[in-house]
Amino acid sequence: MAIIQFPEGMKWGTATASYQIEGAVNEGGRGTSIWDTFSKTPGKVVNGDNGDIACDSYHRYEEDVELLTDLGVDVYRFSVAWPRIFPNGTGEVNQEGLEYYHRLVDKLIEKGIEPMCTLYHWDLPQALEDKGGWNNRETIDAFVQYAELMFNEFSGKIKSWLTLNEPWCISFLSNYIGAHAPGNKDLQLATQISHHLLVAHGLTVKKFRNLGIEGKIGFAPNTTWLEPYSNRQEDIDACNREIGWYIEWFMDPVFKGNYPEFMLDWFKKKGVQLEIKDGDMEAIQQRVDFLGINYYTGHIARYKENSGLLDWELVEMNYDRTDIGWPIFPEGFYNVLMRIKESYGDIPIYITENGSCYNDEPENGQVKDNGRISYLQQHLTALSRAIASGVNVKGYITWSLLDNFEWAEGYSMRFGIVHVNYRTLERTKKDSYYWFKQTIANNWFEN
Ligand code: BGC
């Protein structure tokens, strides 16, 4: 038994995203997003599920804020559905959409919870996708306009902003692997989109500074860790490519003003021709106030010639896995944070997502999700090691407050610390909720 103590002032929170929880897709003047289209395309989402109702948080947000209040969080990270604000992506503003987020934010503030707003958690207005989506540079301008409106509208209320959630998923997962909306399978397209996303991020940060908005702004890249199977250079290089695809590809441009050479060379070998316009790199390299880090899993891997995009293969070492099949790899969390510190210095970091999938159901009103508690304990222990090693961690935000629409997995995979019955929409606090509540209250836990 050991006490894992967190520094004074550590911020605790939970996260959600608009399409995953709101439902009410045809209400309040909301326009269509690429996830409405994708989820209704046969074969794209498990069981043909979609976000039409989800957790119905559009109507039940007060109940959700109650859950947060009782949990005792400092921060709630949520995202805004762009098509609720601009149903067509640009042009006319939908007041009803703004009013919904005012109601939510006002309620949070009333309860003493700091709102942390993600501007883009994947629900691109379909009208923009119809004109080429993120491959069209007009989408960059549309995003900056949308962000500007949000900054002005919520100035003084929302003081923590994230531009993009997981640009790797928006570009490569959605446009090269094709598992998420819009579902393209084209490496050239995906890589170009990754660049446009970074430009959109940078110009948004610039806009935020020029407007003189009070508060902090950052972005939330997703990370992973591959531990080399051996110390052979080819194993180390193969793992570095995978990690670099998530970390350096998206962070070097922001913090150093250029793409990592080893990844540029690799993509070039694969036939990618990245188009970078004059001024793009300068636009991307804006100072951010903090970095959001999302981490879930890692693996052990080794070099394998002609294997996938980056020439590596997993080595099965029988790590325990969560119900979605992802290995539990807390040492990867520590290593990711150390790598970021070594490369980019002491930028303040919020863990903007970390959590696990366990599909336990209520029995007599109780959800015994011991797997999730253990996952949290292991990852928070790794986090406290990183803090002891000097990583400038300001907060920890778990994914997720609620079971919700898990993208291509539909409702089959549950990540919440609160169970949602998708038939009745009833919320049930899981054992992990009570464990997290105690940890927040103490600012430590015993493992
Ligand atoms: C995303 C969430 C998602 C979670 C679990 C992250 O990649 O930001 O929206 O639900 O992982 O898959």
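Every residue gets a Cβ built from N, Cα and C, even glycine.
The active site, proton donor feature in TrEMBL is assigned to E166. Within 10 Å of the Cβ of E166 (active site, proton donor) there are 26 other Cβ atoms, across all protein chains.
The active site, nucleophile annotation in TrEMBL covers E353. Around E353 (active site, nucleophile), a 10 Å sphere centred on its CB holds 25 further CB atoms from the protein chains shown. For the recorded site, E353 (active site, nucleophile), the DSSP three-state label reads strand.
Under DSSP, Q20 (substrate binding site) is assigned to a helix (H, G or I) in the three-state scheme. Positions annotated as substrate binding site by TrEMBL: Q20, H121, N165, Y296, W399, E406, W407.
Listed in sequence order, the binding-site residues from H121, Y296, W399, E406 having a Cα within 10 Å of the Cα of E166 (active site, proton donor) are H121. Across Q20, H121, N165, Y296, W399, E406, W407, which the record gives as binding substrate, the greatest C-alpha separation is 18 Å. Distance noted between the C-alpha atoms of W399 (substrate binding site) and E353 (active site, nucleophile) is 5 Å. Apart from Q20, H121, N165, Y296, W399, E406, W407, the residues listed for substrate, the same chain places the Cβ atoms of A17, E166, E353, S400, N404, F415 within 8 Å of the centroid of those Cβ atoms. Considering only the binding-site residues H121, Y296, E406, the residue whose Cα is spatially closest to the Cα of E353 (active site, nucleophile) is Y296. Counting every protein chain shown, 26 other Cβ atoms lie within 10 Å of the Cβ of Q20 (substrate binding site).
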